[in-house]
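A.B. asks: Swiss-Prot lists Glu119 with the feature active site, giving sequence analysis as the kind of evidence. The Zn(2+) binding site annotation in Swiss-Prot covers His142, His144, His214.
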Amino acid sequence: MKSILENRPALAKEVNKVAEVAGYLWQKGWAERNGGNITVNITEFVDDEIRRMEPISEVKSIGVTLPYLKGCYFYCKGTNKRMRDLARWPMENGSVIRILDDCASYVIIADEAVAPTSELPSHLSVHNDLLSKNSPYKASVHTHPIELIAMTHCEKFLQKDVATNLLWSMIPETKAFCPRGLGIIPYKLPSSVELAEATIKELQDYDVVMWEKHGVFAVDCDAMQAFDQIDVLNKSALIYIAAKNMGFEPDGMSQEQMKEMSVAFNLPK
């Protein structure tokens with residue numbers, strides 16, 4: 001059977017972005033074993049032939065009703081699949097799903113019946129919220145950046161915007177390319193409804209949120225842009241740690257310098 005990506009260059013390009021990001025996550029050491037997830041709303045790339053495709057799985061319950069996702073299509077990383085494998089074989093380690101009209105269930109339509117991530121309800125709940133606000137964001141990326149996670153083991157960095165201001169101050173690019181900062185979510189059980197609800201709430205003010213002692217969750221227009229936000233934040237964490245390892249507390253950019261950037265580049269914060 002031919003791949004859903006065949007003769008669909010726009011869709012193939014979007015899935016290949018996911019594969020490229022998956023490779024970066026593995027190379028950086030942020031995706032141990034099957035760690036991390038990527039879910040992308042690909043509805044805009046769906047044609048009539050895809051809409052007529054028969055499911056290759058039974059109907060599966062999402063576990064929650066998501067009214068804004070009716071008729072939407074997503075590419076999802078598979079459960080227990082490794083990012084390093086997805087980077088090479090995206091359609092063997094992920095699948096395309098169709099949300100059914102009840103907005104509470106889905107079927108897999110391509111290429112193989114790869115069950116989506118166990119965190120699918122959380123990811124889809126975020127996408128439902130994004131659509132409810134007419135957000136242009138189509139991708140959600142969850143990964144385990146080492147240095148950012150390390151910072152959450154220190155109580156002071158769990159206070160609102162303490163980590164944001166520190167990370168912004170390390171290098172101008174972080175302020176410029178992650179302009180809404182880093183939200184903080186106190187530890188909650190992985191894959192829980194409570195974690196999903198807290199994530200949606202925190203994403204009202206941030207594009208990237210930190211799950212204490214767990215990882216990062218980011219949203220953006222595509223998987224690459226979501227990755228970029230995480231990448232610049234972790235670069236700042238590395239600069240901070242490098243300075244501490246040299247035996248000094250880094251000065252960082254001043255509040256006045258960061259405010260100057262916000263005005264000059266019309267940043268939201």
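Note that Cβ sites are derived from N, Cα and C of the backbone, with glycine treated the same way.
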A.B. asks: Around the Zn(2+) site formed by His142, His144, His214, list the extra residues of the same chain whose Cβ is within 8 Å of the site's Cβ centroid.
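C.D. replies: Counting only non-site residues, the set is Gly35, Gly36, Thr143, Ile149, Pro190, Trp211, Gly215, Val216, Phe217.
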A.B. asks: Quick check: in three-state DSSP terms, what is His214 (Zn(2+) binding site)?
C.D. replies: coil
A.B. asks: His142 (Zn(2+) binding site) has how many other Cβ neighbours within 10 Å of its own Cβ?
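C.D. replies: Taking every protein chain into account, the count is 27.
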A.B. asks: Between the Cα atoms of His142 (Zn(2+) binding site) and Glu119 (active site), what distance do you get, rounded to the nearest Å?
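C.D. replies: Checking the Cα atoms of His142 (Zn(2+) binding site) and Glu119 (active site) gives a distance of 10 Å.
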A.B. asks: Give me the count of other Cβ atoms within 10 A of the Cβ belonging to the residue listed as 'active site'.
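C.D. replies: So the Cβ neighbour count for the residue listed as 'active site' comes to 22.
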A.B. asks: Between the Cα atoms of Glu119 (active site) and His144 (Zn(2+) binding site), find the distance and write it as a whole number of Å.
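C.D. replies: Pair distance, Cα basis, whole Å: 15 Å.
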A.B. asks: Applying a 10 Å Cβ distance cut-off over all chains shown, what neighbour count does His214 (Zn(2+) binding site) have?
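C.D. replies: The Cβ of His214 (Zn(2+) binding site) has 17 Cβ neighbours within 10 Å.
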